[in-house]
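Undergrad: Pulled from TrEMBL, these are the listed features:
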type	residues	note
COMPBIAS	13-27	compositional bias 'Polar residues'
COMPBIAS	62-80	compositional bias 'Low complexity'
DOMAIN	150-263	domain 'Amino acid transporter transmembrane'
DOMAIN	331-551	domain 'Amino acid transporter transmembrane'
REGION	1-88	region 'Disordered'
TRANSMEM	152-173	transmembrane segment
TRANSMEM	179-198	transmembrane segment
TRANSMEM	230-250	transmembrane segment
TRANSMEM	309-329	transmembrane segment
TRANSMEM	341-362	transmembrane segment
TRANSMEM	382-404	transmembrane segment
TRANSMEM	416-438	transmembrane segment
TRANSMEM	458-478	transmembrane segment
TRANSMEM	498-519	transmembrane segment
TRANSMEM	525-548	transmembrane segment
TRANSMEM	560-581	transmembrane segment
Amino acid sequence: MLDKIEPPRPYTWRSSADQTTTDSGSESHPLMSSDASRRSFGATCMFPDSETSDFEATAPSTQAPREPTPTPAARAANPRQLASARRPFSYQNHQDQLADATYNRFHYYNKLRSYAPYEDSTLMIPDHVIPLPVFIPFIPGQERNTQKQSSLVTIFAVWNTVMGSSLLTMPWGIERAGFVTGIILMALMGGICLYTTYRLLEINKIHGAGIVDGEVADLCKLLLGRPAEIIAKFFSLIVLLGANIVYWILMTNFLYHSVDYIYERAAGIPIEPLIMNDTLSTLVLCPREKNNTIPENIVESESIYSQVWNINVTVPVFLVLIIGPLINFKSATFFTKFNSLGTLSVLYLVLFVLIKAISWGINVDFTNVSSPLYAPSFLPSFPALSGMLALSFFIHNIIISIMRNNRNQEKNGRDLSIAYILVTLTYTFIGAVFYISFPLKKSCISDNLLNNFQNWDVMTVAARMFLFFQLVTVFPLIAYMLRVQVMGILFKHSEPGFVNILAFNVLVVAICVLFAVLLPRIGTIIRFTGALSGLIYIFTLPSLLHLASLRIRGELTIPILIIHLIIPIFGGGNLIAQFFVSE
C-alpha cells in the first residue's frame, strides 16, 4: 500500500500550467556558472540571494551527460531500457530548459546588481521576460533590500565626514577666543550649521523630486537661477582646495618630525635623557619661544642634514615624490578602502588628549591675571574660532547625498541632529580638555597641538606617523573630487585627456607647496577658508533657498524674512572680522 500513498507535496515554485518536475541533473548550465555553487542548476528557490536556502538541491559535481531522449518507437519496443535511461521521477522538456537558463541568468545578474546603486536599473531583467515556471515571491511584512543604510550608520557617516584636521586646531581656537567665549561659539556655530543643513534637506525633499542625484547647486539653479548654481559650484571648489592645502601642510609637518625622530635615534643624539628628570613644563613645548625647542647644552649645527631636511623649504618639495604619483591615478576607488582610518585617527586623538590631560592635571586659573596659567574668558580675537568652526562643521555641499542613503528618510532630521551633537561634543572635548590641562601659558598652544610635544614623545611619534599615512590616503581622494568637478565644468561633453589631468594636478600641487613654504599656518588657512565658503554655503544659500521655497508656496512672512536675512549678515561679519585678527 505504500506505493499508493502519496506523500504531502512540499512548497513548489512552478506555475499551475506545468505540473512536471525539473530534472536536478540537467546539463543546462547557465553562462559563467560555477561548479562550486551549492545550488542545483535550474532549481528555483524562495530566496534568490541566499546561498543556504532549504529549497536548494546539491549541485552534482561529476555527472555524465544524459543519453538522448528515446524515440516513440524505441520507447514502445523496450520500456525497461527506457526506465534505466533516466533517473526516477526526472523529466525535462524545452520549457524547463528555458526556465532553467533564464532563472540562472536572473540569479547571476542579481548578484552583479548587489554592487550597483539601488536606483540603477542596469542588468535588471524585466518582469515580462521571466518565464512562468520561475516564481519569485514577495513576502508581505518584509522590507525589500534597497541597499540603503540604517540610521546608526547614517549618523556615524555624518560624524566621520565632518571630523577632519580641524580637530588638531581646537585648543588653539579656544585660546584665541577665551575659554567661555570658545565654548559658547562652538555651541552657536554648531546650531547654525545644523539648522542650515537641515534646511537644505527640507528644500530637497520639497523641490528635488524631479532632480536625479541632485545637490545644492541643482537646487540653486532651480530656485535661484543659473548664477546661484555657478556660485555654489565655485565655493565648493574653494573648500576642496583649502582642504588640500591644509592636508599638505600637515603631511609636511608629520613627515618632517617623523624622519627627524628616526634620524635622531639613528645618530644617537641623547635628547630624551637630558630632560626626563626636569620639571613638567619641559615635557611640552612653546613654539613661540624658539629657545624652548632645544636644550641649552645642545648646540644646533648647520649640518648637511639640517640643510637638506628643512620643514619650511625642502620637505614640502620632497613630499611631491610621494603624493605626485598617487594623485595621477585615473580612479581614486582604491583609496576609499582606507576610509576607516579617519575614525581610528579621531579615536586616537581623543585618547591621546585624555591621557595627556590625566598626566598633567588641571592647570588653569580664571581669576589671577598675573598667573602664568591665567585663562581669560573673552578675547577680541574670537573671530578666529568662528571662522575656523565654519569649516569644521562644513558638510553642506554633500549632505544631500549622504542623507539620501538613509533607509529612514522620515528620520533625517533626528539623525542629522544627533550627528551634529556628537561632532560638537567631540570638538569641545578635544579643545576644552587640552586647554584646561596644558601646563604652560595658554598663549603657547599651537594651531597644531602636536607641535607642543617633544619629538621623542612616544604617543606623539605614533600620532604623527599614523596621521601621515591617513592623510596620504585622503589627499588623493580630495584631489580627485576637485579634479572631477573642475574637469566636468571645462569638458562637459568630452573626456579630458591625460595631459589636461596632469597639468591640473601639477597646478594643485604647486599651490599646496607654495602655501606650505610661504604660509604654513593651518589655523589661518582654515579660518579664512571657512569664513569665505561658510558665508556662501552655510549662511547665504540655505537662507535664500528657504525664502525662495516659501515664496513659491505662498508661506513667506515678514518675521521669517528678517530672521533669514540676518543669518547672511552674520556670515559676512564673520568674514570681515578675519582680517582684523592678529596671529
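The backbone N, Cα and C atoms fix where each Cβ goes, glycine too.
Please treat TrEMBL annotations as automatic predictions, because they have not gone through curation.
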Undergrad: Take the transmembrane segment (179-198) and find every residue of the same chain, 6 or more past its ends, with a Cβ under 8 Å from one of its Cβ atoms.
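TA: Answer is 173, 364, 366, 375-379, 382, 385-386, 389-390, 392-396, 399, 413, 416-417, 420-421, 423-424, 427-428, 431-432, 435-436, 538-539, 542-543, 567, 570.
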Undergrad: For the domain 'Amino acid transporter transmembrane' (150-263), DSSP counts of helix, strand and coil?
TA: 100 helix, 0 strand, 14 coil
Undergrad: Under 8 Å, at least 3 Cβ pairs, sequence separation 6 or more: does that hold for the transmembrane segment (152-173) versus the transmembrane segment (341-362)?
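TA: The answer is yes, given that the two segments have at least 3 Cβ pairs within the 8 Å cut-off.
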Undergrad: Given a Cβ distance threshold of under 8 angstroms, which distant residues of the chain, six or more beyond its ends, lie next to the transmembrane segment (498-519)?
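TA: For the transmembrane segment (498-519), the sequence-distant neighbours (Cβ-Cβ under 8 Å, at least 6 residues beyond its ends) are 241, 244-245, 248-249, 252, 312-313, 316-317, 319-320, 323-324, 327-328, 479, 482-483, 486-487, 490-491, 525.
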Undergrad: Give residue numbers and ranges for long-range contacts of the transmembrane segment (309-329): same chain, 6 or more residues beyond its ends, CB-CB under 8 A.
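TA: Contacts with the transmembrane segment (309-329): 248, 251-253, 255-256, 259-260, 263, 335, 472, 475-476, 479-480, 501-502, 505, 508-509, 512-513, 516-517, 520.
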